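Working notes for the structure below.
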Amino acid sequence: MMAKNKEPRPPSYTISIVGLSGTEKDKGNCGVGKSCLCNRFVRSKADEYYPEHTSVLSTIDFGGRVVNNDHFLYWGDIIQNSEDGVECKIHVIEQTEFIDDQTFLPHRSTNLQPYIKRAAASKLQSAEKLMYICTDQLGLEQDFEQKQMPEGKLNVDGFLLCIDVSQGCNRKFDDQLKFVNNLFVQLSKSKKPVIIAATKCDECVDHYLREVQAFASNKKNLLVVETSARFNVNIETCFTALVQMLDKTRSKPKIIPYLDAYKTQRQLVVTATDKFEKLVQTVRDYHATWKTVSNKLKNHPDYEEYINLEGTRKARNTFSKHIEQLKQEHIRKRREEYINTLPRAFNTLLPNLEEIEHLNWSEALKLMEKRADFQLCFVVLEKTPWDETDHIDKINDRRIPFDLLSTLEAEKVYQNHVQHLISEKRRVEMKEKFKKTLEKIQFISPGQPWEEVMCFVMEDEAYKYITEADSKEVYGRHQREIVEKAKEEFQEMLFEHSELFYDLDLNATPSSDKMSEIHTVLSEEPRYKALQKLAPDRESLLLKHIGFVYHPTKETCLSGQNCTDIKVEQLLASSLLQLDHGRLRLYHDSTNIDKVNLFILGKDGLAQELANEIRTQSTDDEYALDGKIYELDLRPVDAKSPYFLSQLWTAAFKPHGCFCVFNSIESLSFIGEFIGKIRTEASQIRKDKYMANLPFTLILANQRDSISKNLPILRHQGQQLANKLQCPFVDVPAGTYPRKFNETQIKQALRGVLESVKHNLDVVSPIPANKDLSEADLRIVMCAMCGDPFSVDLILSPFLDSHSCSAAQAGQNNSLMLDKIIGEKRRRIQITILSYHSSIGVRKDELVHGYILVYSAKRKASMGMLRAFLSEVQDTIPVQLVAVTDSQADFFENEAIKELMTEGEHIATEITAKFTALYSLSQYHRQTEVFTLFFSDVLEKKNMIENSYLSDNTRESTHQSEDVFLPSPRDCFPYNNYPDSDDDTEAPPPYSPIGDDVQLLPTPSDRSRYRLDLEGNEYPIHSTPNCHDHERNHKVPPPIKPKPVVPKTNVKKLDPNLLKTIEAGIGKNPRKQTSRVPLAHPEDMDPSDNYAEPIDTIFKQKGYSDEIYVVPDDSQNRIKIRNSFVNNTQGDEENGFSDRTSKSHGERRPSKYKYKSKTLFSKAKSYYRRTHSDASDDEAFTTSKTKRKGRHRGSEEDPLLSPVETWKGGIDNPAITSDQELDDKKMKKKTHKVKEDKKQKKKTKNFNPPTRRNWESNYFGMPLQDLVTAEKPIPLFVEKCVEFIEDTGLCTEGLYRVSGNKTDQDNIQKQFDQDHNINLVSMEVTVNAVAGALKAFFADLPDPLIPYSLHPELLEAAKIPDKTERLHALKEIVKKFHPVNYDVFRYVITHLNRVSQQHKINLMTADNLSICFWPTLMRPDFENREFLSTTKIHQSVVETFIQQCQFFFYNGEIVETTNIVAPPPPSNPGQLVEPMVPLQLPPPLQPQLIQPQLQTDPLGII
């Protein structure tokens, strides 16, 4: 039972491998491969296969347990699976013969039989014999696997006879074959199966193999298997075949030829190798080790398979090769990277062609090593070559190994670098040459495409040399330059036309009429036309300029950081801070004065005499003054001394003042000259700020002869010099004194010095003063234009270099304070320096006592801005004009500068202002005395200016003004009184081109600052809260929709009828004090949000017209209408005139400077005339009583109420003046009308209206013939509009009658200008807008669609009574149309006919359509008064064309309709056309066709 339950054991076979063995003499120097065959079969893995097995053993090894004193080896057993799935165990025995390593004879064994007999033994026995693995096992059995031969004995079942078929081993094959033959005979006796294994077939000799096969063929059932233990070919086949012969149940053995078996085995190896190499390829780091990688891969089947087939050694070799490849690849990449970096390094170290053009490679290397940046580009390694150092692993170090430069590659890169520099130099030269070529081509305009220019430069040498990309790049750069220049010139042009923009106050919005006026004026300028191809950019610049004009801020100033406001704030912040620091040091040095240091300056011993006199009045150099004792240190200085200046610059002596004594004109001149030297040197070389602020006192010495005639002259000249130097003057007291100097003189002079020092201490005292720093007797505004070609410190240096300059109140960053002696007192003057755009808000809103207007004589725009600003300044405010240029020579050498300087002087002469020139290259610009006369003039007019401001403020009590000044109550602090002198304030002469260097602004003088006031009055009128910035720099209100105002009545002078008319208008719209909204009738208010949207088919109400400007509700300038001219004794300042009641009371109303200057007035007037030059009185629509509103705001610039030519008729009542030019014009018109022939009146005059467009177009406004072709006789724009209307809006109510949005109409035409393939549907515009754009197209044509020449014939044909005859006559006339006009006219009339067919829905009958379209198609002459009686006939002609469209153009039948000439009104009162039919007035024109009649202007304003 137990035996049955046991699993059957697999059959076991013992196979003995035999073959040639013995000594070297017998078998040669190598065996036949028996051991390799056994090794490969038992342990087939490559790592377990040992190719060397020796048979020469020591006695010890031979006696070991492995050999066990036997001449056979036990190789162990192996379980083999057959193809049938049957397992069997095979024990392998190798019969060999071991040789003693000492005697080289076979070892003695228990079996003494020869090898042939031993090998044929079928029973083997050896107790405890161990399995053999390899030669290294002998003696180290414990280190290897120990497996005993089963039971110490085995029975051999078959034999495997090995025959070596390879060449070599010092063995004859025939001897081997004989040995094999004998052995086979012995084996045959055992009756065991035998198979021949031909070994070493990988080195096979074919002849040997054939002999073996021949040997086997002679034997019965003897098989030959070709094997190779090295490549593991057919090894297993040998044993399998033998087992099959032993096991009869198995199939007959199948022997595979060696080549086939070899291919199969190699295929396995190749496949395994590929898979293994793919595994190895996953390793990308060449630093990886085999140990790490093999541990990761050991469980991978592909790895295991390759190890089994090829072994670990080959696997490691494969891995090492891969790692080496990775490293070499890394080095190659680094080398490429270095080589690619070399050009950049060369560009850095050797950028100049001149340096290296003639250097060889070695010289260039030495030059590079000397460069400072060498270490940044290259690294010198201690070990070379670089690719064998660790530098290759420093990925972050991009520096190039210097030894790399020794390669040929690096030298080649250097040569290429030199050639590149040469070619680049040539390319740059050619590009610049091409650039100059482009600059010479005058017709290249900004925005012109390259394709239009390319054909003109094809033959240019430079163009041929450079590439197309370079050509485009150079042209692009040239375009950018000329575009930028054109834009700058365009911007400059806009500033030059400042009068065109600055005639409206801030925060207003320009209307469409104003925009048309601007375009009309500017379109004549070449700089405007220069940007014709960049119309959108030009429009953007214009809108940006307009936006800045009406909403100016320093942040949006067009000059950017060069804005005058920004520059002034920066300069004052730094300069005044330095002044304060200097004075602070002076304060600390001068507190608690007990000792007074004085210089005494004189000539011919006068200084010493005065010093002696003072010492005479002193006791031990101590002087008693006003109850206090002062120690005096006197330093007399003779003006003639050569060491004069060196005596002043001593660190030990710090003077508190200087007494300047004189007794003659000569000595006084010396004093003036040397005081100038002292101040100039102290200011220029900045040796001592103390000396720059030194107070001077002029002292007149008494004459020995008291009746000297020179004394009055000396007194007068001394006072003049004192005023100029802004210092006290001590006169000789009345009476007769025997000595030159009087005690009262010395005391007065000492008091002056002490008070000057005390004043300086008050100015810089760190202790808060009780007096408000903002107190000022005069407030002066200095205006300068942003971007003028001079620095701000140039025009501020007269003030900043003055000893009397100080900072204004905190928060006023653009103001400073001056203390100056004006007249008899020291006055405090606040100077506010602003840009012109910031000054505009000040001009109207703030109390300003005077303006200093600075302009550059090199820049027309600067003068234009000055004119625009000055025109609106009240003529009661004194003005000082300052022209700035480099030197006086500019006047003679530059005509433009001469013209601008002459114009400035001329304007100053006309308005009785002061003018001077400032030369930046002259030191005289640092003088301050040039403004003394201006300040005196301002002081004289101060009360009048403030009263005018007060009255204006009272009239505008509801107006909230903003102040850049921060006024506060003021008190009177008397300082010094001086003798009166009529000529004290004599100023330098005005600018004269033939005089010496004009002294506008002086050298620095004493900086003592005084706190004096003239009036001591308070100004509650204009006090405002403290603010850091004027609010106008921050408020930008949104656009306000326009509100019409009451129009002015057309009168010629202020007569009683005018007064009644105005009073009647005021009665309807009484002024309310609490209202800030301009007066208007309710029905005149525009409900549309779009201020520019007119209605082109409805007449404006009679008596009203389009506004040129639209003023928002909160504008600072509102239109004021007085309730009565008689009762209102305090008239409106803005009217610019005094009414008769005011005049009778002796009060002169202030006007504007533009009415005092013919130059200023003519400039503004010329703009208006240029804009409206194409519209005479006769060209206006005569039946319309509407009158164009003046350009000027409200009544402030009402030409009826403003002085025009004050140089002719005075300014108090300018209305009585007449314009001789207009009177002559009217007389000529009357004479011309009397002589006019009646026939000429009947002739039709071409009416060419101004275009409604404000942009350049190459389509709209072109002749019709230029827009069509024979293939496309209809203009594309007309087709698109008609198709859009018929597809989307044929049933729109009021089509062609209701006006579309003008902005949309303009956009449609602009978009079409840019792209003729536009899709109107995608633009999302209304049908009415497209209809309006279509009408505008025909209105802009140079000639009407219905030719003027056929108008009389159409008129005559329309009068024919018989309908049929009338229609045929009209048809014949239509055939006379030009073919182009005929095609388009037919297309349009057909379209209108389709519209009229939907009249029940769109309410547009043929009659209504004709009313809307006939003025557009016929362009009538409205100036012909006889035309008014025929307007209905013209309309009926167009109506007939629409109704009888089929008859006229398509040979259709006549349609029966009502009376064409005078159709009755429709019976349906609800239709829109009802109010249009009975009108006997001509139908409305499109807006662009209406030219309002310009009424006669008696004052010549327009």
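In case you wondered, yes, glycine gets a Cβ from its N, Cα and C as well.
For 1036-1045, the entry in Swiss-Prot reads compositional bias 'Pro residues'.
According to Swiss-Prot, the feature domain 'FF 1' maps to 267-325, an assignment based on sequence analysis.
Summarising the annotation, Swiss-Prot assigns domain 'FF 2' to 366-420 and lists sequence analysis as the type of evidence. Looking just at the domain 'FF 2' (366-420), the mean pLDDT is 86.
What Swiss-Prot records for 427-481 is domain 'FF 3', and it gives sequence analysis as the kind of evidence. DSSP places the residues of the domain 'FF 3' (427-481) in helix, strand and coil in these numbers: 38 helix, 0 strand, 17 coil.
The annotation domain 'Rho-GAP' is assigned in Swiss-Prot to 1262-1449.
DSSP assigns TYR550 (3'-nitrotyrosine) to a helix in the three-state reduction. According to Swiss-Prot, the feature 3'-nitrotyrosine maps to TYR550, an assignment based on a large-scale study or a structure entry.
The phosphoserine annotation in Swiss-Prot covers SER590 (among others).
Marked as phosphoserine by Swiss-Prot: SER765 (among others).
With a 10 A radius on its CB, SER951 (phosphoserine) counts 16 other CB atoms from all the protein chains. Residues or ranges marked as phosphoserine in Swiss-Prot: SER951 (among others).
The phosphoserine annotation in Swiss-Prot covers SER968 (among others).
If you look up Swiss-Prot, you'll see SER1115 (among others) marked as phosphoserine, on the strength of a large-scale study or a structure entry.
Marked as phosphoserine by Swiss-Prot: SER1173 (among others).
The feature phosphoserine is assigned by Swiss-Prot to SER1176 (among others), with a large-scale study or a structure entry given as support.
According to Swiss-Prot, the phosphoserine annotation covers SER1195 (among others), on the basis of a large-scale study or a structure entry.
Taken from Swiss-Prot, the feature phosphoserine applies to SER1202 (among others), supported by a large-scale study or a structure entry.
Look at Swiss-Prot and you will find SER1218 (among others) tagged as phosphoserine.
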DSSP three-state assignment (helix, strand or coil) for SER951 (phosphoserine): helix
ARG1297 (site 'Arginine finger') and TYR550 (3'-nitrotyrosine), distance between Cα atoms, whole Å: 36
Assigned element (helix, strand, coil) containing ARG1297 (site 'Arginine finger'), judged by DSSP: coil
Cβ neighbour count (within 10 Å, all chains shown) around ARG1297 (site 'Arginine finger'): 23
Between SER951 (phosphoserine) and ARG1297 (site 'Arginine finger'): CA-CA distance (Å): 52
C-beta crowding around TYR550 (3'-nitrotyrosine), within 10 angstroms: 20
Residues in the domain 'FF 2' (366-420) grouped by DSSP into helix, strand and remaining coil: 33 helix, 4 strand, 18 coil
